[in-house]
Structure formats: C-alpha cells, structure tokens
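Enquirer: The structure's right below; bear with me while I get my questions together.
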Amino acid sequence: MTARPIPSPSFRSAERAREIQICPNAILSAFVFLSLLFTAWFGTLAALAFLATLMLLILRSPRESATDLIRFWPVLLVPGWCLLSWFWSNYPSVTLRYGIQLAMTFVVAIVMASRLSPRTFLRAAFGAYAVTAVCSLAFGRVRSDGLGWLGIFGSKNELSYTMSTLTLMGLAFVLSRQSSQKDRLFGLAGLLVGLFLIVMGQSTGALVSTMLVAGLGVMLAISRYLTSGLRVLLVLLILLGASASGLVAWEFRTELAALFLETTGKDVTLTGRTDLWSVAFGEIARQPVLGQGFRAFWVPGHPLAEALWAKFGIATKSGFHFHNTWISNAVEIGIAGILIQLAAFLATLVLIGRWTLAASSATALFFAMFMVKQATMSSVEVVAYQQFQPDTVLSVTALIFGLRFRSEARAASPQRRTAIAALKGETARRVQGTSPTI
C-alpha cells in the first residue's frame with residue numbers, strides 16, 4: 001500500500017476506483033471525527049486535538065484549502081451570520097467564541113469534502129464511529145438512575161444518536177452495490193453494534209427514527225435494480241404512503257400520543273417541550289428578525305435561562321435547549337438566520353436526493369438516510385448547526401458532496417450530448433454506406 005494523497009479527486013472516477021490507498025487526508029479526517037466524538041470523555045484535550053487536526057489539514061495544502069473555501073463560499077454564510085450576530089448579542093463574548101468555533105467546524109467539513117473521494121470519506125468517518133462504539137462498550141457506564149447505558153458520553157440520547165449514525169453507515173455499506181466484500185463485513189458489524197448500543201441506551205426516539213430511516217434506505221437500494229419508470233412509481237408510492245400515514249396519524253393523534261406516552265413513560269408535554277416552546281415563541285416575538293445572538297440565550301446569568309434550568313432541575317446549566325432545531329435557532333439568530341440555515345438544509349436534501357437516485361454508492365445512500373433522519377428529528381431535537389458537533393460536520397460535508405456531484409454532472413452533460421450526436425451521425429453514415437471522416 002502506498003501513501004498517495006490525491007488533491008481534489010474526480011467525483012465519479014474516485015467512486016469507481018478499486019485500489020486500496022492510505023491517504024494522510026483520510027487519516028486526518030478520521031481524527032477530526034474522533035476528536036469531536038470524544039469531547040464528552042476528554043473535554044478540552046479533545047477540542048485541542050480537533051483544532052490541531054484542522055490546522056494540519058489546512059497546512060498540508062494551504063492554497064488548495066483557500067481555493068476550496070472560495071469555491072464554496074455561500075456555505076460559509078451560515079457561520080457568517082452567526083458571527084455577525086455578535087453586534088447585537090446579549091453576550092457578545094459568548095457569541096464571538098462560539099461563532100468562531102462554528103466557522104472552524106464548517107471549514108474543516110468543506111476541506112475534508114473537497115479533498116477526499118466520497119468512498120474514502122465514508123470509510124474514515126465509519127472508522128472513527130466504530131472506535132467510539134468499541135470504547136463505549138469497553139469503558140462505558142450506566143446512568144445514575146440505572147435507566148440507560150451512557151457509553152463514553154454524557155447522556156443516553158447522545159450515545160444513541162451517535163450510534164444511530166454508525167448504524168446507518170453500516171447499512172449503507174451493506175446495501176450498496178459498489179461495496180467490496182470487506183466493506184460489507186465491516187458494515188454489518190457496525191450495523192449490529194450500533195443497534196445494540198441504541199437499545200442499551202434506551203432512547204425510544206433514536207431507535208424509532210433509525211428503523212424508519214433504515215427502511216427508507218432499503219427501498220432506495222432496491223430502486224437501483226428497477227427501471228427508471230418503476231423507480232418513479234416507487235417514489236410516488238412512497239410519497240403516497242407517507243401522506244396517507246400522516247393523515248391517519250393526524251386523525252388519531254390523541255390515541256397515538258396516549259399510546260406513545262404509555263409505552264415510553266414520558267409526560268404529556270413530552271418532557272416539558274410544549275412549555276419550552278411557549279417560552280421560545282415569546283422570546284422570538286421580542287426580537288424576531290435578528291434574534292438574541294448566537295448561543296446567547298442559554299448562558300449562566302441570563303434570568304430566563306436560569307429560571308428554566310431551575311424549573312427542569314438542570315443543575316449543570318448545560319446541555320439543555322428548546323428541543324426543536326428551528327425554534328431554538330430562531331431565538332438566537334432570528335428569522336433572518338433561520339432562512340439562511342433552511343436554505344442550506346433544504347439544498348442539502350435536494351442535492352443528496354438527486355445524487356442518490358443517480359448513483360449507487362454507499363456514501364450517497366448514507367447521506368440520504370442521514371439527512372432524512374436530521375429532517376425528522378429537527379422537530380424534537382437540535383440537530384443543526386452547532387459548533388464542534390459531528391452531525392454538523394456530516395451535514396456540511398453532505399452539502400459539499402452534493403454540490404460536487406451537481407458540478408460534475410453538469411460538466412459531463414455536454415460531453416454526453418456530443419457523444420450521442422457522434423453516435424447518431426456514425427449510424428446514419430453506416431446506413432448510407434459511407435465511413436466517418438478522420
């Protein structure tokens with residue numbers, strides 16, 4: 001095996017490549033995820049490791065890094081607005097610190113997704129998540145009340161949602177036609193370990209969302225064996241089924257809510273979410289356009305935040321939020337900031353959807369499942385865009401890979417049309433008994 005980094009690999013050719021390579025960029029990318037995943041265990045040391053890895057990635061090819069950041073500059077509008085909110089933030093120093101950290105998170109995601117092929121990136125990320133799973137099994141612990149396995153994380157939800165990502169990565173390797181036998185074996189192992197840890201974590205939301213999204217992944221994989229017409233029919237059936245299920249769920253929402261609460265043991269307001277949302281809407285109404293500043297609400301000393309921490313018994317005054325991505329973020333960065341984030345999020349969904357339908361790679365399938373899970377969970381959790389979070393890195397890399405696919409697909413279109421025209425011309429000449437001019 002040779003160490004041979006390939007700058008800005010061709011998207012399609014890299015997906016078809018079969019040779020095994022060890023690339024420094026891939027190793028550094030794996031360390032990026034490891035440092036973020038181990039933050040709960042090592043704290044500041046893990047954050048420093050992340051910063052060091054980011055610097056190494058950039059310094060390996062400074063000019064290429066600058067080119068990549070300029071090429072995808074619209075993506076940086078998300079952290080840019082968060083940094084801009086420093087001017088009107090309730091706590092400017094807090095907003096500035098976390099805004100810089102969010103910008104670094106976006107930068108590392110853009111650099112990784114620009115440097116690596118999709119397959120290499122997924123292998124690097126999968127390796128980091130697999131190491132995290134092994135450590136959670138070997139060195140984990142149970143919650144103080146005995147209700148759920150924590151692994152190396154601070155909460156069962158954090159463990160379960162991380163293992164949900166590992167499960168989807170493993171499933172993508174298993175289902176993809178382009179996966180090697182070794183990829184499928186490792187993927188199956190990751191799938192089983194991830195599911196086991198989700199069950200151990202006793203997070204109903206993570207388990208249900210993972211199973212539903214996995215079902216979507218299976219249907220997408222099956223669609224690769226269908227003709228284009230049958231594929232369109234399958235998509236229509238999925239949409240009709242989802243619409244019908246939504247109507248039935250809405251009609252019987254009271255009964256379903258009661259069943260869910262009885263099964264999970266949660267209270268009527270879903271762990272106080274409705275109370276939190278009421279407070280959040282009041283705060284949004286106070287500063288609807290600009291918000292209170294990025295990460296400038298849940299700050300020790302903020303009167304309302306202190307009252308909510310006291311009400312819900314959050315002694316640590318950390319790890320608490322409004323349990324809805326868009327509501328929570330609207331409090332901080334306003335409707336203007338939410339529009340920027342929604343544009344990035346929806347663009348990612350569309351681009352990844354097109355890539356998944358056009359290709360059969362494990363990476364495309366994983367990102368399709370991951371982004372659908374993010375979309376569904378955004379209504380009850382904060383899933384984007386937070387500093388030094390693996391999910392944020394994955395969301396941004398999904399967007400960059402989607403943009404790369406669109407760019408190369410457009411570049412290939414004129415060549416395809418030229419080839420088709422040449423083929424038609426040659427066929428016509430053969431019919432007329434002539435030969436092509438050289």
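A Cβ is built for glycine as well, from the same backbone N, Cα and C atoms used for every other residue.
Computed from a predicted structure; not experimentally measured.
Summarising the annotation, TrEMBL assigns domain 'O-antigen ligase-related' to 190-340. The transmembrane segment annotation in TrEMBL covers 26-59, 71-89, 95-113, 120-139, 159-176, 188-220, 232-250, 326-346.
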Enquirer: Under 8 Å, at least 3 Cβ pairs, sequence separation 6 or more: does that hold for the transmembrane segment (120-139) versus the transmembrane segment (71-89)?
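Expert: No, the transmembrane segment (120-139) and the transmembrane segment (71-89) are not in contact.
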Enquirer: Are there residues at least six beyond either end of the transmembrane segment (26-59) with Cβ under 8 Å to its Cβ atoms? List them, or say none.
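Expert: Sequence-distant neighbours of the transmembrane segment (26-59): 65, 104, 107-108, 111-112, 115-116, 120-121, 123-125, 127-129, 131-132, 135, 152-154, 158, 162, 388-390, 393.
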Enquirer: Look over the recorded stretches 71-89, 159-176, 326-346 and say which has the most C-beta pairs under 8 A to the transmembrane segment (95-113).
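Expert: Of the candidates 71-89, 159-176, 326-346, 71-89 scores highest.
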Enquirer: Please give the sequence-distant neighbours of the transmembrane segment (159-176): residues at least 6 beyond its ends with Cβ less than 8 Å from one of its Cβ atoms.
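Expert: Long-range Cβ neighbours of the transmembrane segment (159-176): 37, 122, 125-126, 129-130, 132-133, 136, 140, 149-153, 183-184, 186-195, 197-198, 201-203, 205-207, 209-210, 213-214, 217-218, 221, 360-363, 365-366, 369-370, 373, 377, 381, 390-391, 394.
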